[in-house]
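Q: Before I ask anything, here is the structure I am working with.
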Amino acid sequence: MTQKSLVEEMQQVQLAIELIELGARLQVLETETDLSRARLIRLFKEVRGMSPPKGMLPFSTDWFITWLPNVHASLFYNIYRNLLVGQKCERMQAFVTAYRLYNEQVSIDQAEPVLGLTRAWTLVRFFESELLQLSTCTHCGGHFVAHAHSPDHDYACGICMPPSRAGKTRKRREREAAVDDCATPRVTQVG
Ligand SMILES: [Zn+2]
């Protein structure tokens, strides 16, 4: 084995450990590193003290368009894109850094992180497959995750235009408004 491949392998192990610590599923590690499945499972057990969970990855773009996930996904993706394009970071380095910064921002805002690492990775893959686009809000100017090819000339984001409560009874509307006030996330730095 040459020296270069040893260094490369070490970097891959380091990346895998970082991703596992941040909550990556096995499929993420298998896609993003050349390490064998057996080694990844061993690494996972050593880092997390348990076997990797089984099951399918989330595969629908719709989740990222629903209200609260959209705010979080947009926050994360703006950070990622800034590191990747603006700062010219390497792809996975940009991803890991963006995910850490997203979590920091959420904790500063005293909100719960909605976007798990595997979801964030799926989001990046959806953008790479051109299934999603960033639409610019005509009210606040922020960039928000939207379905690819959706018309956005009069797009309004979920913060400027929270979901309509039309069609509900007044009593129910008031009750839900009271709940919403407590649950409204204080995510302000999108875009
Ligand atoms: Zn807006």
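The backbone N, Cα and C atoms fix where each Cβ goes, glycine too.
According to TrEMBL, the Zn(2+) binding site annotation covers CYS137, CYS140, CYS157, CYS160.
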Q: Going by DSSP, is CYS137 (Zn(2+) binding site) sitting in a helix, a strand, or coil?
A: coil
Q: For the binding-site residues listed here (CYS137, CYS140), tell me which residue's CB has the most neighbouring CB atoms inside 10 Å.
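A: Per the Cβ count within 10 Å, the most buried is CYS137.
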Q: Can you list, in sequence order, the residues of the same chain other than CYS137, CYS140, CYS157, CYS160 whose CB lies within 8 Å of the CB centroid of the Zn(2+) site?
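A: Here the nearby residues are THR138, HIS139, GLY141, GLY142, PHE144, TYR155, ALA156, GLY158, ILE159, MET161.
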Q: Using all protein chains shown, find which of the binding-site residues CYS157, CYS160 scores highest when you count other CB atoms within 10 A of its CB.
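A: Going through CYS157, CYS160 one by one, the largest Cβ count within 10 Å is at CYS157.
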Q: What does DSSP assign CYS160 (Zn(2+) binding site), in three states?
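A: Reduced to three states, the DSSP call for CYS160 (Zn(2+) binding site) is coil.
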